[in-house]
Amino acid sequence: MKKLTIGLIGNPNSGKTTLFNQLTGARQRVGNWAGVTVERKEGQFATTDHQVTLVDLPGTYSLTTISSQTSLDEQIACHYILSGDADLLINVVDASNLERNLYLTLQLLELGIPCIVALNMLDIAEKQQVRIDVDALSTRLGCPVVPLVSTRGRGIEALKLAIDRHNANDNVELVHYAQPLLREADFLADAMAQEMPLQQRRWLGLQMLEGDIYSRAYAGEAAQNLDTSLARLKDEMDDPALHIADARYQCIAAICDVVSNTLTAEPSRFTRAVDKIILNRFLGLPIFLFVMYLMFLLAINIGGALQPLFDAGSVAIFIHGIQWIGYTLHFPDWLTIFLAQGLGGGINTVLPLVPQIGMMYLFLSFLEDSGYMARAAFVMDRLMQALGLPGKSFVPLIVGFGCNVPSVMGARTLDAPRERLMTIMMAPFMSCGARLAIFAVFAAAFFGQNGALAVFSLYVLGIVMAVLTGLMLKHTIMRGEASPFVMELPVYHVPHIKSLIIQTWQRLKGFVLRAGKVIIIVSIFLSAFNSFSLSGKIVDNINDSALASVSRVITPVFKPIGVHEDNWQATVGLFTGAMAKEVVVGTLNTLYTAENIQDEAFNPADFHLGDELLGAVDDTWQSLKDTFSLSVLANPIEASKGDGEMATGAMGVMDQKFGSAAAAYSYLIFVLLYVPCISVMGAIARESSRGWMGFSILWGLNIAYSLATLFYQVTSFSQHPTYSLICILAVIVFNVVVLSLLRRARSRVDIELLATRKNVSSCCSGTAGNCH
């Protein structure tokens, strides 16, 4: 079979991702475009004659980049197409918004690359009484047009057949440009490298006349002639860019008049009715908060019910199983304990996180595909405008509820560097899925019936601190106003189940692989340092270990936030949590249960793997039946109490070490707000610079330490009033000094993003091998 590389391109909300998932299924690979942290997805599928590599390009309305502030999505899509890596393009067009979508289609066809138009969302168009003559549209465009309903899989086989049959577009004159424009486009084309096809050279000439800054990188010496061409055109027309766009829109209007009845179409009544409530200025925000709480309830409640299968199952296989092998093969006791506690304990920490994190990713995917996520940005626009940000900057922040890394990367959709940078600085404060795992364990141990309220308050606190960080930046080092907010609100529709599952699986797989590697390595590392003293001798009590000795020296620093000297395990959790937040649970689990594993004798004769696995299945089934009872729905934290090791020995030790719910909540505040994990730090550095990464770390540490100290000292003021008063005053004075220094430093701060300084044309024009 012949190999074929196809680029999948289309407007945002045109159903491009759903079509990508329909074609490729689980055969996907996610990486980054070379040089920038913009996600690049590739998938594989086969037609009758070809083995196809499908590249999912970022959604864009146009290939024209007017300024360097244009979002990176448009730049990358444009440069991939110009690179010539794609043998064929599939342009996904929303049939219910044909006129707007055809602008990108005309640009692609003018470029001369073989193209197939995938006319998607025909079901929505039919509901709006939109009728499109597919054959007439294909004739007018000069390329195949395949009708699709990607959410239901309709038209997929016809699309594959079109891929096998299509070689080149018909030579159809689409747009009638004014003669002066064609003259100058030919003048510029003659100065370009002659090995480039004439059609592509002429297209680049028109793009340059329209003001596209990145087409100059491909124009060679012709870029030097641009000023001459513009000077000649100035005598004949007012604005060449306006004339080019007007010619294209006239062509689009003529096509739509012939092939469709879009002028008499009826907008979706359901969408209009729901939006009257969802977008209401008074109801919009409460509804958004309710949706966020629903996401939290789903993750805790249903995810927690599935935990026994992953928790008890992993204990049976990776802890008791390793102990059984060790005793059966007569391993030394220290080696058996080391493997069970380090390797087995690490795996046992990762797997119980899967159901809760998976349910959260599923809910986020549902919100994105249903059309609500765009509404959330619209609802939050007024608040974001107060920060000097457009409403769409809240979309990356919402994604942060799943993971902060795509939240930071999502800032690329914003146009202005200042807006991108402010959003990047706010993103780490959004409570990610890994933090949810920590909150659920502490809530079950300390807060009882108030657990749901405690966890939800931490989510709200993260949003509040992100907003306050934005206000601080606006009034100190990043003064400015938000750019005008124009955002398309897609029609509501039921998400496609296959697409939801694939998106959830891709995110969950990335989380488990990333978290698993770190947690297992950290667990083994901690087990080693927990087994030996500073002198290198094996210890019987972990309080005599090297890890305990070093941690006791550092722990007094955290006394103001309620971490006492004998609770050195909590200090270790904060340091390992900087690598990945989910490691905090693994660290506390490893350290708090270490003595139990050492003291409890294991009898290999009593171990039966099948019985333990059946017990895990029975516990899970019982949890699922109990999940939907009224008592559990009223208090979803109950679903997370069956958390294996953490639910028994570790929770008892943890309760004793912290001493109070106030100290535990203060610790959670610090975990929520302090340094981002290593992956987020790397994303911040690549999307901005190392300097801004350092600022994010220091600001997060300050906010976390200050707020946790204030909370704990206020709640425990009666126990030590003098000490509490000193701590509170010290925090206030320090932050006043910090804010004063930031106000003075604003004139010396460079807010230009590292990503915008990179030569995107060079880094995005490579082959698929550059996806890493």
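Just so you know, glycine gets a Cβ as well, placed from its N, Cα and C.
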**Message:** Looking at 114-136, 344-366, I want to know which stretch Swiss-Prot calls transmembrane segment.
**Reply:** 344-366
**Request:** If Swiss-Prot is the reference, give me the range from 89-109, 173-193, 236-256, 383-403 marked as transmembrane segment.
**Result:** 383-403
**Item:** Alpha-carbon distance [Asn120 (GTP binding site); Gly59 (GTP 3 binding site)] in Å
**Value:** 15
**Prompt:** Which of Asn11, Asn13, Thr17, Asn120 (the binding-site residues) has the most other Cβ atoms within 10 Å?
**Reply:** Asn120
**Message:** Looking at the binding-site residues listed here (Asn13, Gly15, Asp56, Leu57), whose Cα lies nearest to that of Ser150 (GTP binding site)?
**Reply:** Gly15
**Item:** Cα within 10 Å of Met121 (GTP binding site) - qualifying binding-site residues among Gly10, Pro12, Ser14, Gly15, Thr17
**Value:** Ser14, Gly15
**Request:** With pairs restricted to those 6 or more apart in sequence, evaluate whether the transmembrane segment (427-447) and the transmembrane segment (664-684) have 3+ C-beta pairs under 8 Å.
**Result:** yes
**Fill in**
Residues lining the GTP 1 site besides Gly10, Asn11, Pro12, Asn13, Ser14, Gly15, Lys16, Thr17 (CB within 8 A of their CB center) are Gly59, Val92, Asp94, Asn120
**Asked** Can you name the binding-site residues among Asp56, Asn120, Leu122, Asp123, Val149 whose CA is within 10 A of the CA of Thr17 (GTP 1 binding site)?
**Response** Asp56
**Message:** Nearest of the binding-site residues to Asp123 (GTP binding site) by CA-CA distance, picking from Gly10, Gly15, Lys16, Asp56, Leu57?
**Reply:** Gly15
**Request:** Excluding Asn120, Met121, Leu122, Asp123, Val149, Ser150, Thr151, please set out which residues of the same chain place their CB within 8 Å of the center of the CB atoms of the GTP site, keeping sequence order.
**Result:** Gly15, Ala95, Ile124, Leu148, Arg152, Arg154, Gly155
**Prompt:** When you measure from the Cβ of Leu122 (GTP binding site), which residues in the chain that are at least 6 apart have a Cβ under 8 Å away?
**Reply:** Ala95, Ile132, Pro147, Leu148, Val149, Arg154
